[in-house]
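Engineer: Here you go, one structure.
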Amino acid sequence: MKFSILATLGSLALISAAPTVHSVHEKREVNTEKWTKRDVKLTRSATMPMSIGLTQRNLDNGYEYLMDVSHPESANYGQHWSKEKIAETFAPSTETVDAVKAWLTESGIDSKRLSLSKGKNWIKFDITVEEAENLLKTEYSVYTNTETGKDHLACDEYSVPPSIKQHIDFITPTLHFDAIVKTNKKRRDLQGRAIKTKPVSGAHQGDTIVGAPSTIVGPSTEVVPQPAVTFSLANCYTYVTPDCLRALYGIPNGTLSSSSYGIVEYTPQAYRQADLNQFYINLSRQIPSGTAPTVDLIDGAVVQTTTESFALNGESDLDLEYAIALVYPQEVTLYQVGDIVEGASFNNFLDAIDASYCTSDGGDDATEDGIYPDTASGGYKGAANCGTLAAASVISTSYGYNEADLTAAYETRQCNEYMKLGLAGTTFVYSSGDYGVAGNGGQCCTKAKCAGGTYNSGSTGTFNPAFPATCPYITSVGATQIKPSTAVTATNPEEACETVIYSGGGFSNVFSIPSYQASAVATYFSDYKPSYTATQYNNSGTTRGFPDVSANGANYVVAVDETLQLIYGTSASAPTFGSIITLINQQRIAAGKGVVGFINPTLYANTAAFTDIISGGNQGCGTAGFTAVAGWDPVTGLGTPNYAALLAAFMALP
Ligand SMILES: *[C@@H]1O[C@H](CO)[C@@H](O)[C@H](O)[C@H]1NC(C)=O
Ligand SMILES: *[C@@H]1O[C@H](CO)[C@@H](O)[C@H](O)[C@H]1NC(C)=O
Ligand SMILES: *[C@@H]1O[C@H](CO)[C@@H](O)[C@H](O)[C@H]1NC(C)=O
């Protein structure tokens, strides 16, 4: 006890004795080609909001805590934590808060200017460019995004005193640039021909918006009139419907409504009720017209109806039509995130359901996340939603970044929030990406380890893994397709999806391998190690492999803008897999048990609950990608779910 008091006094003395010695805290590894540094003189007195992410306590133990409530062999399986216990366990120590405050005040930032967030995770204040340059021993410049022309303030590295380093995760604004987040889906008309997406007008297309429409360009120009086709189990190979998915995975029709299932969409993406109604008429007759999701609007979100197009309605219609059809009469919650002007990021969504992440007075990263109130004309003037919404028991998201778009510190911080929400009992399902081993848009990296987010057109280069698909605390879902002329049954294997899209998969450059998948991945490397070199991907077997599982992702019949179309993507696989976990939660609740929460340890401990996928691959970056093989593989994970077996595995747990 005495020793620790002495140690504290000692380090405080060191701060005031050696105020000028700084060490580099974060540094851009390579210059990104997306942003060019401009030769403009900055107004030294201009102010900017600065946020310091404080080091939280006990994060090193987070994995063990989560395994304690999620591992099927743990005596505490299912004993999820209260929000209070989570907040208390991870809040930064008083010592951390005091040390950072002392550094700031000694550097001339008056303590009255500082505010500490509710969760004590962030210190926020306004600072002039001159003060920031002195504080962080850096130089700020204006960078212009070569694609959008948007300007952004950033520096290439920054430093803090060595005694402060341990108390700080990262500081914004510094290195971090905006990132483009793409939805994972492609489409064809009912004859299987590609459809060209008309340019979207009227919607904001800034690239910080997660829901910004991606550009999908194909050879033909118009949506073809609906042909007179019949949907049946006999033609699931051509047209995937909710009935096909039920047959493929042995999913029963829903009968209960005791659980909760959330689908996340980002403005300006929007569903249309008329599309849901059309879908019920053609493909899910038991669902009454007008059946809608419960809509939770986050940060001034709107389900916009001003602009209709596949690019704006396709993702939301797909996710909701299949989620609703598969779990009906269970209600589905739509979390619609972000206002129409600024949009939002995954962090904004986390803010709304996880008070320990957000701060009502700052904490998001102004360069990556929507900042509310939104000062832009027409933007949402209210405060950001902070812990105001309950998290559904299963939450499915079909949007994703490239890992290389964001810094490791930013990703680690976000990933740790999924760990906390897992402790609270929420299952997070994310699509694994649609470009095989390449990243969004089929791009690959020009630098080893994908450092710096510099991409090429995708015919060569380093594999480009997706985020949050590589976060070890979420379940990453890849895509499969039905093999020609095989009967659709719960045990006939599909193959990796190679129609229009390729299942995202590979190995992280950021996250190390979680123990729950260590043996599955080790077997893959010992039996099937591909010949690619370490410059193509991290082939050490020590980093997180993804996806965890897969589900059909080809030829989904979806009503978009009241026209039936075929959609392809892990975007379809994720809500389908999430629906299965929701149905399992209902059965557990009916048996007086709790919801499943973080499922990966149970999935990897029950590989027999999956139909192993052993053919097809996920080509990209000028290679054949990885190949689906016996056991876990970085194309289809453990395989596709067998509902009855998976239900039995979860029902056997307390
Ligand atoms: C589900 O319900 C639909 C419509 O009532 C029916 O056609 C279908 O056979 C049912 N499927 C299963 C697996 O029970
Ligand atoms: C879908 O339903 C509409 C009625 O709203 C019908 O005219 C059309 O033929 C159906 N399409 C298919 C492919 O079943
Ligand atoms: C692969 O990941 C491990 C663990 O993070 C790291 O030590 C190693 O340097 C990485 N290898 C390459 C080639 O990036």
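Including glycine, each Cβ sits where the backbone N, Cα and C put it.
Those TrEMBL annotations? Automatic predictions, nothing curated.
Pasting the relevant annotations from TrEMBL:
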SIGNAL    1-23  signal peptide
DOMAIN    239-653  domain 'Peptidase S53'
ACT_SITE  Glu315  active site, charge relay system
ACT_SITE  Asp319  active site, charge relay system
ACT_SITE  Ser571  active site, charge relay system
BINDING   Asp612, Ile613, Gly631, Asp633  Ca(2+) binding site
Engineer: Fill in the CA-CA distance, Ser571 (active site, charge relay system) to Gly631 (Ca(2+) binding site), as an integer in Å.
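Structural biologist: It is 24 Å, counting Cα to Cα.
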Engineer: Near Gly631 (Ca(2+) binding site), which residues of its own chain have a C-beta under 8 A away, given they sit six or more steps off in sequence?
Structural biologist: Ala520, Thr523, Tyr524, Asp527, Thr607, Asp612
Engineer: Please work out the mean pLDDT for the residues of the domain 'Peptidase S53' (239-653).
Structural biologist: 92
Engineer: With every protein chain in view, what's the tally of Cβ atoms within 10 Å of the Cβ of Ile613 (Ca(2+) binding site), excluding that atom itself?
Structural biologist: 27
Engineer: Using the alpha carbons only, what distance in Å do you get between Glu315 (active site, charge relay system) and Ile613 (Ca(2+) binding site) once rounded?
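Structural biologist: With distance taken Cα to Cα, Ile613 (Ca(2+) binding site) is 26 Å from Glu315 (active site, charge relay system).
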Engineer: Counting other Cβ atoms within 10 Å of each residue's Cβ, which of the recorded positions Glu315, Asp612, Asp633 comes out lowest?
Structural biologist: Asp612
Engineer: Neighbourhood of the Ca(2+) site (Asp612, Ile613, Gly631, Asp633): other residues with Cβ within 8 Å of the Cβ centroid, in order?
Structural biologist: Ile614, Ala628, Val629, Ala630, Trp632, Thr636, Gly637, Leu638, Gly639
Engineer: Tell me whether Asp633 (Ca(2+) binding site) sits in a helix, a strand or coil according to DSSP.
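Structural biologist: It is in a strand.
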Engineer: Distance between Asp633 (Ca(2+) binding site) and Asp319 (active site, charge relay system) at the Cα atoms, whole Å?
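Structural biologist: The Cα atom of Asp633 (Ca(2+) binding site) is 26 Å away from the Cα atom of Asp319 (active site, charge relay system).
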Engineer: In whole Å, how far does the CA atom of Asp319 (active site, charge relay system) lie from that of Ile613 (Ca(2+) binding site)?
Structural biologist: 24
